[in-house]
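> There's a structure below that I have some questions on.
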Amino acid sequence: MTKINLTDLTIRKAHEAMKTGDFSARELTQTYLNKITEVNPNLNAYLHLFDGALKQADEADKRFKDGTAELLTGIPMAIKNNICIKGEITTAASKILENYRAIYDATVIEKLRKAGAVFLGGTNMDEFAMGGSTENSAYGVTKNPYDDTRVSGGSSGGSVVAVAMDGSLASLGTDTGGSIRQPSSFCGTVGLKTTYGRVSRYGAIAMGSSLDQIGPVTKNVADAEIIFDCIKGDDDMDSTTIPENLIKELKVKEKMTIGIPRHFMKEGIDEDVMKNFDESIEKLKSLGHVIKDIEIPNIDYALATYYIIMPAEVSTNLSRFDGVRFGLYKDGGENLLQDYMKTRAEGFGPEARRRIILGTYVLSAGYYDAYYDKATALREVMKKDFTKAFEEVDIILTPTAPTPAFKIGEKSDDPVQMYLSDIFTVSANMVGVPALAVPSGFTERDSKQLPLGIQFMAPWMGENILFEIGKDFLGEK
Amino acid sequence: MEIKDIEKLAELARIEMSQQEKEKILGEMDSILGFIDQIQGAKVDINGREAGEVRNIMREDGDPHESGKYTKDILKGAPKTRDGYVEVKKIL
């Protein structure tokens, strides 16, 4: 079998190689499976490998022969384990769904399947996508491939590490407050949070329904664009998707004006992150872009507002797990109510319980006005602030995360410290704009190189602007 | 917040909790609420809001699948079933 160099491989390169016959889809899939067998036992990126991968690869090889192959045909992908693939175990890294087999394909899976992608396996995550380190998984932490004493970030840590360890060419994650972008920053991958409503959430296990979006994790921006083009679009099964007739193609400028909300970067940011951020700004200047200081008045409230709206939606969404229709059932109660209480006590981990309780509190009579109602009003104000900011600039730039990857266990006893890890990423979810995290260099800790990242935010439906600036920054043009 | 508030919330959320867990969560809630309470300083009028973008997001519920097509698959995932139904304990 041809030896395939996975390190430098991209979707387009793999496509060309399969087209010219340098290697087959089966050989490519087998190479990834071998790599997974070698590195996954330590890093724990994958929770389950799917049985059908080699068969799908054979199907892809047929398409290369009969000339119907598309860009994603035969491309091996990892799928976050909260996205349904028919017949496969889909746990959302929770004990309450330990034995749950999805009974249908998510819309994004259906689209990728049609394009001929190969699904290698389901990846680890924080339980129900709640967390920033994958330490909340019921199935163990996913370690950082650059330093295995550190976290991968989260919640899509498994999907990100699958790509970073060359255990898949690309993957899908979900992003509710930074869950694709923050781990991408920790592990040196490219991660895209799409405009709210641009990609169907049908078949993604819901966490915060007004915030959740599915998006790609890849090695470069061109690959993220290829996957985005495949999975985007209006869907009859998700009423929050944006109808095609309302999609605006935004104009992409060659030289862009990039806004920096400096007032938002005063406290709690690692010195090396700031230094790298300033170097990234210099690089963008040297590429001919214009840098402008901007103010986004209420952005300081984004994280606090997020920690009201998200748990409120969590407490609602997770009420469906009760041991009646699917998942874990704990017997032993005298009546149905006690069965519910025992099942949920056994099935949910500490962070899920914490957020359910918090969400129940902010929605309860007497506190609703002060928390939930105020937070939703503040969210509307923030949307206006972003609209105004985008009248002045094409792009808003921040670091992706305030620190490099932290040590396993370092923040697990302090929920608020963990939440602060999403400080730069949550606002894109709160207002619904797309955001792209790209690697921007390294810093050294304990004589190990750790990746850092920056985040570009564009106006609603401005993914094309993000791809342009991202490729320019990474030298992909 | 007091322990009885946590008990009430746990009951509303249908989660059985040990005394030890209630105490732990009480401490965590204090620190989380301390953090999110910063929004009380934001100047925003909860009564003066405008309706956002309004459009019909409903579609015709046309072309239904034949009745019972997915029943077997769905019931396969249920912990307890009987004669095509999910089974639960008595409610009262």
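Using the three backbone atoms N, Cα and C, a Cβ is placed for every residue, glycine included.
So TrEMBL lists the following for this protein:
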- A:27-464: domain 'Amidase' (DOMAIN)
- A:LYS80: active site, charge relay system (ACT_SITE)
- A:SER155: active site, charge relay system (ACT_SITE)
- A:SER179: active site, acyl-ester intermediate (ACT_SITE)
> Which of the three DSSP states, helix, strand or coil, fits A:LYS80 (active site, charge relay system)?
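A:LYS80 (active site, charge relay system) sits in a strand per DSSP.
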> Per DSSP, A:SER155 (active site, charge relay system) is which: helix, strand or coil?
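DSSP assigns A:SER155 (active site, charge relay system) to coil.
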> To the nearest Å, how far is the Cα of the residue listed as 'active site, acyl-ester intermediate' from the Cα of A:SER155 (active site, charge relay system)?
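Spelling it out, the Cα of the residue listed as 'active site, acyl-ester intermediate' and the Cα of A:SER155 (active site, charge relay system) are 5 Å apart.
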> So, in DSSP terms, is the residue listed as 'active site, acyl-ester intermediate' helix, strand, or coil?
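Note: the residue listed as 'active site, acyl-ester intermediate' is coil by DSSP, not helix or strand.
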> Can you work out the mean pLDDT of the predicted model over the domain 'Amidase' (A:27-464)?
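Summing pLDDT over the domain 'Amidase' (A:27-464) and dividing by its length gives 97.
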> How big is the Cα-to-Cα gap, in Å, between A:LYS80 (active site, charge relay system) and A:SER155 (active site, charge relay system)?
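Distance (Cα to Cα, whole Å): 10 Å.
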> Around A:SER155 (active site, charge relay system), how many other C-beta atoms are within 10 angstroms of its C-beta?
36
> Just to verify: the residue among A:LYS80, A:SER179 with the fewest other Cβ atoms within 10 Å, which of the active-site residues is it?
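Fewest other Cβ atoms within 10 Å, among the active-site residues A:LYS80, A:SER179, is found for A:LYS80.
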